[in-house]
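**Student:** Dropping a structure here in structure tokens format, bear with me for questions.
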Amino acid sequence: MAPWGSAQGSPAWRSAQLLLLVVSCCGNGALAEHSENVHISGVSTACGDIPEQIRSPSGTITSPGWPSEYPARINCSWYIHANPGEIITISFQDFDVQGSRRCSSDWLTIGSYKNIEGYRACGSSIPSPYISSQDHVWIRFHSDDSISRKGFRLAYFAGKSDEPNCDCDQFHCANGKCIPESWKCNNMDECGDNSDEEICAKANPLAASSFQTCAYNQFQCLSRFTKLYTCLPESLKCDGNIDCLDLGDEIDCDVPTCGQWLKYFYGTFSSPNYPDFYPPGSNCTWLIDTGDHRKVILRFTDFKLDGTGYGDYVKIYDGLEENPRRLLRVLTAFDSHAPLTVVSSSGQIRVHFCADKVNAARGFNATYQVDGFCLPWEIPCGGNWGCYTEQQRCDGYWHCPNGRDETNCTMCQRDEFPCSRNGVCYPRSDRCNYQNHCPNGSDEKNCFFCQPGNFHCKNNRCVFESWVCDSQDDCGDGSDEENCPVIVPTRVITAAVIGSLICGLLLVIALGCTCKLYSLRMFERRSFETHLSRVEAELLRREAPPSYGQLIAQGLIPPVEDFPVCSPNQ
């Protein structure tokens, strides 16, 4: 590939610049790096020996291969861990698992403990929502070697059970709980008190008098703009634009052709009709081949899919082939936030967009670029540190690891950096030392490096080195507790030391008592042998007197009748 400077005068460069100019106008901070808080589990590593650890506050989990059939003889485990004091709500969007008596063949279980089974489900009926009582949930999926089905797709959301306020894209339940707005009026009680379903308005069919008589070259349509029935010309049917609220003008049409082969080292693409609704049944594939061996950074600057029916999705593969083993991400309606960033391992990416014929939404807009190249409206950070936009200059947040976008700002002195555009500044020594010097804490955000004595977390935060491997998640992503050696707790060591001291003291006492007893015995023996008189010693040495039989044998006494007589030698 030609270097950046030599490509600027080429026709390809000019056409690509015009092509991407619209992206720069969509949002100044759209291409900034953001940390993502949504978990997507597609072709998961959970189906191995180690459960998949999930710490994101919301996300989706699917069975391996969903929406295709799951493999036979698999065992998958997911462990969702929320913040302390939060609960986890699980809502199923699709469920088709082999049914059996007591769910003994294929099954899905949800519970609070790893080795204690909780809720078990199988069959084709969508299970009711699951609301945990603790800040963690274990999910296990098992299949035997007989029948395989489509599998399952579930979404989870973590939050406190009593919140005073909810975000703009969330619904506030009557019991104080917050759930995603998309869960409202879906005939599923995710709140736990059914308040998300009680407020749903009853569908009131329009009276027959609201229908109009249309001409032969027109058709009846419930307008998505006026919410009233009207007559539209037949030419608006299957034109790729949704005009009717019930999608009647586009729902029975042929699948529109879309997709593209993209070969520039940067570019943009979007769903059909973006920013208007994409046609139902859209099936598009974009093949990105930059011709460079370096990674490709794919960013979705806008993303909004429909979640009704089987759900629309975008699958991103590492390479040009549709290989399930190289699936990078599966994006659905639950990822309706921007920007979303996906990075490949090579210069090729395959993006597949599939929509059902139930409903539609705005769609998405995406950009891609080779890692290390800056877009026309971006400024290099220097070296291989990435890029930033003019709008990100001196905004208080480091978008360059070397801080080039925040240096020499007019509101600060030399070698100082702004907290924001309000004039407050701080020196380099106060950057990323786990002490907030800015009112908004911007001096501790986007920390690509930490001050000495601090540990660099994977989420670009800094904590004290003394807090590493202390059994406390100080980073927020658990990276300060990874690869820690097995350390015996201090209280166990203290108890062992105290027990050893007590045992040693008892042993010393026992040895002392033994020595004392031995000493007393020896003293008594020596005292006995010392105080014997000559007469007593002579008596001790005298022979024993003869027996009665010996006296008779010697004739010293008369014999007694029937008494046994001993010989003199006895």
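Just so you know, glycine gets a Cβ as well, placed from its N, Cα and C.
Note that the structure is a prediction, hence the values are computed from the model and not measured.
According to TrEMBL:
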- CYS166-CYS178: disulfide bond (DISULFID)
- CYS173-CYS191: disulfide bond (DISULFID)
- CYS185-CYS200: disulfide bond (DISULFID)
- CYS238-CYS253: disulfide bond (DISULFID)
- CYS394-CYS409: disulfide bond (DISULFID)
- CYS432-CYS447: disulfide bond (DISULFID)
- CYS450-CYS462: disulfide bond (DISULFID)
- CYS457-CYS475: disulfide bond (DISULFID)
- CYS469-CYS484: disulfide bond (DISULFID)
- 47-159: domain 'CUB' (DOMAIN)
- 258-371: domain 'CUB' (DOMAIN)
- 1-32: signal peptide (SIGNAL)
- 492-518: transmembrane segment (TRANSMEM)
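Walk me through the surroundings of each of these features.
**Tutor:** The local packing around CYS166 (disulfide bond), expressed as other Cβ atoms within 10 Å of its Cβ over all shown chains, amounts to 17.
Cβ neighbours within 10 Å of CYS200 (disulfide bond), excluding its own Cβ and spanning all shown chains: 11.
Counting every protein chain shown, the number of other Cβ atoms lying within 10 Å of the Cβ of CYS238 (disulfide bond) is 15.
The Cβ neighbour count for CYS394 (disulfide bond), using a 10 Å radius over every protein chain in view, is 18.
Around CYS432 (disulfide bond), a 10 Å sphere centred on its CB holds 21 further CB atoms from the protein chains shown.
Using a 10 Å Cβ-Cβ cutoff, CYS462 (disulfide bond) registers 22 neighbours.
The residues of the domain 'CUB' (47-159), classed with DSSP into helix (H, G, I), strand (E, B) and coil, number 3 helix, 56 strand, 54 coil.
This prediction places the mean pLDDT of the domain 'CUB' (258-371) at 86.
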**Student:** Let me make sure I understand the structure: which of the disulfide-bonded residues listed (CYS191, CYS409) has the fewest other Cβ atoms within 10 A of its Cβ?
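**Tutor:** So among CYS191, CYS409, the disulfide-bonded residues given, the one with the fewest Cβ atoms within 10 Å is CYS409.
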**Student:** Out of CYS469, CYS475, give me whichever of these disulfide-bonded residues has the highest number of other Cβ atoms within 10 Å.
**Tutor:** CYS475
**Student:** Checking distant contacts: for the transmembrane segment (492-518), what same-chain residues at least six beyond its ends satisfy Cβ-Cβ under 8 A?
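**Tutor:** Contacts of the transmembrane segment (492-518) (Cβ under 8 Å, skipping residues fewer than 6 from its ends): none.
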**Student:** Out of the disulfide-bonded residues CYS166, CYS178, CYS200, CYS238, CYS469, give me the one sitting nearest to CYS462 (disulfide bond) by CA distance.
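**Tutor:** Result for CYS462 (disulfide bond): the nearest of the disulfide-bonded residues is CYS469.
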**Student:** Hey, of CYS185, CYS432, CYS450, CYS469, CYS484, which of those disulfide-bonded residues are within 10 Å of CYS191 (disulfide bond), Cα to Cα?
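**Tutor:** Qualifying among CYS185, CYS432, CYS450, CYS469, CYS484: none.
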**Student:** Give me the CA-CA distance between CYS409 (disulfide bond) and CYS432 (disulfide bond), in Å, as a whole number.
**Tutor:** 19
**Student:** Once the chains shown are all counted, how many other Cβ atoms turn up within 10 Å of the Cβ of CYS253 (disulfide bond)?
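**Tutor:** A 10 Å sphere around the Cβ of CYS253 (disulfide bond) contains 16 other Cβ atoms.
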**Student:** Write down the Cα-Cα distance for CYS173 (disulfide bond) and CYS166 (disulfide bond), rounded and given in Å.
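**Tutor:** Cα-Cα distance, CYS166 (disulfide bond) to CYS173 (disulfide bond): 9 Å.
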